[in-house]
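This report refers to the structure that appears directly beneath it.
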Amino acid sequence: MASSSSSPTPSAAAAVSPLTEEELTLTVKWNGKEYTVRICADDSVAELKRRICLLTTVLPKRQKLLYPKIGNKLSDDSLLLSSISFKPSLKMTMIGTVEDDIIVDQAESPEIVDDFELGKEEAVDVKDKEVNKQKLRRRIDQYKINLRTPCRQGKKLLVLDIDYTLFDHRSTAENPLQLMRPYLHEFLTAAYAEYDIMIWSATSMKWVELKMTELGVLNNPNYKVTALLDHLAMITVQSDTRGIFDCKPLGLIWALLPEFYNPGNTIMFDDLRRNFVMNPQNGLTIKPFRKAHANRDTDQELVKLTQYLLTIAELSDLSSLHHSRWESFSQDNVKRRRQE
């Protein structure tokens, strides 16, 4: 990752020209260099920032985009680019600096907005919208999963969020281990026997690697992490009632590693239900782990979920399970499903 300098905050100028009604090409000048950014008109400002981050390493939350005669519209991450009249003669300006060192202070970690629940019918609608499918296909073409350890044939896949799932990222402590969810290593050790493990966070890869290293997850002798995914793997989807928001499409993993993972052998834990709106059948909404100092002696979520994971691992296909009822699932359910 490029390092920041002591020079004044760099700015980026972008000229745009349409290739088709759907695709835009932005020439971005940043820090003395020019980059070409291709983006579709049905993408959002959030996606534009994500693309710029991929090229410049300026995190989306550090970017300020300016464009003549539209006021502060570009401060709205949910705004669709199709609503802006780009002209080749005008330039967009991005103000932002590269972060060389991540601030470990928990108050500096990314904000998590309140979760909301989509109705069952609308969740299906979001998943099946052609515009959202197109966004997923584009992300599949753009993103590369770097494997830390080889995928294991015959193993199921467990995808885990970080913030409020494995770690209380808002409380403060002298040692990050004090904010780790209880029984994390025992949980991952047990799960690893039946599942490959991937960590997917809505933050930068640098922050993911730092946090997982601090918690002792990446160098644990009892289990291995197959891959880490960051915010660049996410997509922005459109909902009729909730507008535009980011989510984590498991279809990305299934498309890039089809010989190992599929809807029938994958489960994802996240405290935000909307993150698996593109694959609701595979998501389990975990109880958020907040206020670690007050709750770490009583939180048993990972203990109970360990039993659930090991129980359903006996099934050949997980796609028919209702993970919202996981607490009432038992060995008897497995036997009954085998007999069906």
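Numbers run from 1 along the shown chain.
Glycine is treated like the rest: Cβ placed from N, Cα and C.
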### Task
Among Asp43, Asp76, Asp271, indicate the single residue that Swiss-Prot lists for the Mg(2+) site containing Asp161, Asp163.
Asp271
### Message
Over the span of the region 'Phosphatase' (151-312), how high is the average pLDDT in this prediction?
### Response
92
### Summary
Most Cβ neighbours within 10 Å, among the binding-site residues Asp163, Asp271, goes to Asp163
### Message
Per DSSP, what is the helix/strand/coil residue tally across the domain 'Ubiquitin-like' (24-101)?
### Response
21 helix, 25 strand, 32 coil
### Query
Under a criterion of Cβ-Cβ distance under 8 Å and sequence separation of at least 6, what residues of the same chain contact Asp161 (Mg(2+) binding site)?
Ile199, Trp200, Ser201, Ala202, Lys248, Met268, Phe269, Asp270, Asp271, Leu272, Asn275, Ile286
